[in-house]
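Engineer: Reproduced below are the annotations present in TrEMBL:
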- 105-393: domain 'Sugar phosphate transporter' (DOMAIN)
- 106-123: transmembrane segment (TRANSMEM)
- 135-155: transmembrane segment (TRANSMEM)
- 247-266: transmembrane segment (TRANSMEM)
- 278-300: transmembrane segment (TRANSMEM)
- 377-395: transmembrane segment (TRANSMEM)
C-alpha cells in the first residue's frame, strides 16, 4: 500500500503511542497509480494491513496528543490492486523465434547433407569410370576422413572423444558392417549407373524389417509390412527394365543394403549410454574401418594394378583426375559427417524422410549429369520404390 499523510500543524511524535522497538520503514518509491482513500479520524488501527505497505514519502511525520479529531487524508493502494510493471517479456515471440531458428538449422543440415552427397556420387562415378578399382577408392575415402578428423583433434578445432577399450570393442562389429557396406556400394557403382545403385539401395527398409524379424524376433505393425510391397515391387521393376543391368552391380547394392542394416543394429547397441558425439563416433568408425579394409584392398587389387591404372587414368583425363580422387574422398567423409551430426538434432523419423529425399536428389542429378538413358517403366519402378520408402518411414513412427 502506498500512502501519503496530510495532518494538522499540531504534532506529536509517533514514539509516544507506537511500541519502542518499532521503526518506520525506509521510504520506497513506486511508479504505480495511487487510489485515494479518505478516512475521517485517525486511529492507530488504520495503519494495520494484511497486505504489503509501501510508503512513498514521509515528511514532518508527527502527531500530537489530543489530535484524534483531526482529519487525515490517506491516499493508498493495496498490493493486490496494483498495476503490473510495464515489462515487455515477449515470451511467445521468443519461443517462436527459437522454433524458427531450429527449423532453419535443420533445413541447413538437410540441404548440406543432400548437396554433399550429390557431389560425392558425381565425383565417385567419374573416378570409377576412369579408374575401375573400387577397393582402393573406398580405402582412400576412409583415409581422407580419418586424416581430416585427426587434424581437427590435434588443432583442437573439434574436441577429441574420450574412449576406452569397451568402446572400441562395441565399435568393432559396426566397423566390419560399415566396411562391407561401403565397399559393396562402391563396387556396385563401378558396374552400373549411379541412379540404378540408389534405386536398389532404397530397398534397405525391407532388409531392415526382415533381419529384425527373423534374427531379433522384433514385430512390426501391419502398415509397416504393407509398405514393403511397393518397395520390393518398385526395385524389382527397375531391375528388370534397366538397360545396362549388371549382376555384379546389382548384388553389390543388395549386399550393401544388408550390411548397413547390421551396421544400424550394432550402432544402436553400441551407442546406448555412450557420450561420444555423432561426429566423433563416425570419425572413430572411419578409422576402425580403414584398418580393416586396407589389407583386404591390397590383397584383392594390389599396388601393381593401382599403379598401372593410375598412369592410364592420368594420361586420359589429365591433372583433373587427381582433383576428382581428392574430391570424392573428402566429400564422402563430409556428407557422412553431416548426416551423423544431424542425427543429434532431429528424430529418427525426420532422418528417414531426409534420407528418402536424398536418394531422389541423387537419382535425378546423376541422370541429368551423366545423361543416363532411362525408360518410362524404369522411372515408374524407381518412383514406386521411393514412395514405398516414404510410407515405411511414416508407418514406423
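Any Cβ shown, glycine's included, is placed from N, Cα and C.
Automatic prediction, not curation, is the source of TrEMBL annotations.
Note that the structure is predicted; figures quoted are calculated from it, not measured.
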Engineer: Roughly where does the domain 'Sugar phosphate transporter' (105-393) sit in mean pLDDT, to the nearest integer?
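Structural biologist: Here the mean pLDDT over the domain 'Sugar phosphate transporter' (105-393) amounts to 88.
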Engineer: Mind checking which residues reach the transmembrane segment (106-123)? Cβ under 8 Å, same chain, six or more beyond either end.
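Structural biologist: Same-chain contacts beyond the ends: 189, 194, 198, 324, 327-328, 331-332, 334-335, 338-339, 341-342, 345-346, 350, 354, 357-358, 361-362, 365-366, 369.
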